[in-house]
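To keep things clear, I will list the structure first and then write my remarks on it.
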Amino acid sequence: MPLFESERSPRGRLRVFVRAQLPFLIGMLFVLAITWIAFPDRIVAAPLWAAVTLVGVASLASVAVPWERIGGEWLVLVAVADIVAVAIMRSVLFPALPAVGMLVIFPVLWLAYGFSRPAMVLAVAGTVFVTSYHFVLEGVWPADSTEWANVIAFPALILAVSIVVSIAASHLRGSQARLLESYRLQEEALVRARNSEALIQSILDTVDAGVAFYDRENRPAVSNRIAASVASTVGFDLGAPPFAGENAFEADRTTAIPPEQQFLPRALRGEALDEHLEWIGPPDDQHAIVVSSRPVLRDDGQVIGTVVVTYDVTELADALSLREQFLSTISHELRTPLTSIMGYLDLLQDDADLLPAHSVRYLGGLGNGARSLDQRIRELLAAADVSERVRRRPRPMLDLLIQALEKVRPLAADRDIRLVVQHDSHSRVPVYVDGQKIVHALQEIASNAVKFSPDHSAVRITVSSSKTLSRITVVDEGPGMTRAEANRVFERFYRTQYARDNAVQGFGLGLAVAEAQIKAHGGHIRITSEPGRGTSFTVEVPHALPDVPPGEASGAGPAAGPGSGERTPLTGPASRGPRGAVRT
């Protein structure tokens, strides 16, 4: 097909006829009409109608022949036929109607514009043929300069026009090629984008989580069915602000979360949520979800949106709740008969002087077993009660640590393990914490260190405070742990291989309880351990404002204490070791 028509089809062929041949056909009919009116004697000339027939055949061929299949360059023959027809018509009508030669401009422009540059040779040769055909037909040469000018001037002008048109066509063809290439690339990119979109949507609909991506204007760009279901359960639409509903509750499943504090408004404000728990749905059909969110950044660091992911953890939450209920129930059920047993043992021991010696030994064994069982039950009760509210009161962190270590001292004394405390002056300044919970947490950590320390060793505790937090570090000389064990040490009921192999007493609950108590204060516990090199626990508790009326905190002023780096004994002077180290 000609270069100005890219579609190789019957419709494209028809457009070529309309653009290239039809104007020439109309021009020829106009010339015939003028000839019939002004020169009726020449309208009957046989050569004239031969030319008309040639144009008719060429026009019919341009429409009927499937040039798109045999090669569009063969359409040059139609243009050449038009040039020959113009030459014949000019020989009949010249000099009566010399303007008939202007008809050649149509096929010439077609050759110059629609085909490659070699077609210009045909265009120029055709123009020369039109002006010289009359002389060739008569068998004479131009007689004077005027006739020579008529033969030469017209082809020269046509040549100039053809060159200009060819250059313009070349630029246009280049632009068209670039446009087609750009269009092709855009089509390929569009196909890839659609394929990627379909792939992403399929992946999102396959994963067992709700996923939604919002752009910088907080418009949902991508989401899956689970995300839409979560939004519907809460009571809002993913695409409609304020992105909050009336069915969102805190962990207690009864306290409604204000709209601005629900997970999606917080995420869209730029907050990074990590495993944020909410209960959603009406009170009689609630589901637990864990939400995480992150801003999405380009390579240059620019934020392009926010991705929010939700997981349904209802079964896990119900299982944990059931476990807590079981722990609480079984602990209380065991505590009642154990209290009776210990009471009767106390009564028997009061009359021990009336019993045989071997019976007294048996009573001692029973008492030790009952006390050990009582301690295990206390651990279970503590594990079931870690969700209690934090009640902050002003207490020096050092005092709380000493209280905790006093409870651990008998266990350490039995194995000649020293408890060495080092502190700074700020550790005596009161901070607002729940003293009972902090003492319990520190007791569990120190007790764990003593359990795993070898006999005749030391457990070293360092306490320091700043304006914003208190830090307590407990270091033992025990067997240490592998990285895998350290990663699981705060899991409930988890016991290391060393604890199992050496029958270390406990349920594996103490550190889990300690972590829960510290987290309730907004703090955290870090563990550092290597096999054979002991273990270090670092507790960091941020300071907080009091949550009690000012009157209840009266009388708790800063306590004077020793300077930085002092060591504090746990008991009286008789228990003090060298340089203030406490030996128990």
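Keep in mind that glycine also has a Cβ here, set from the backbone N, Cα and C atoms.
Taken from TrEMBL, the feature transmembrane segment covers 20-39 (among others).
Summarising the annotation, TrEMBL assigns transmembrane segment to 45-67 (among others).
As annotated by TrEMBL, transmembrane segment applies to 96-113 (among others).
TrEMBL lists 120-136 (among others) with the feature transmembrane segment.
Among the features that TrEMBL reports, transmembrane segment is placed at 148-169 (among others).
Here the domain 'Histidine kinase' (329-545) returns a mean pLDDT of 84 for the predicted model. Feature annotation from TrEMBL assigns domain 'Histidine kinase' to 329-545.
The feature region 'Disordered' is assigned by TrEMBL to 541-584.
Listed as Cβ neighbours of the transmembrane segment (120-136) (distance under 8 Å, sequence separation of 6 or more from its ends, same chain) are residues 76, 79-80, 83-84, 86-88, 90-91, 94, 101, 104, 107-108, 111-112, 142, 147, 150-152, 154-155, 158-159, 162-163, 166. For the transmembrane segment (20-39), the partner stretch with the highest count of Cβ pairs under 8 angstroms, out of 45-67, 96-113, 148-169, is 96-113. Long-range contacts of the transmembrane segment (45-67) within the same chain, counting only residues at least 6 positions beyond its ends with a Cβ under 8 Å from a Cβ of the stretch, are 1, 10, 13-14, 16-17, 20-21, 24-25, 28, 32, 35, 74-75, 77-78, 81-82, 84-86, 88-89, 91-93.
Panel annotation: around the transmembrane segment (148-169), residues 3-4, 101, 104-105, 108-109, 111-114, 117, 120, 123-124, 127-128, 130-132, 135, 142 of the same chain, lying at least six beyond its termini, place a Cβ under 8 Å from a Cβ of the stretch.
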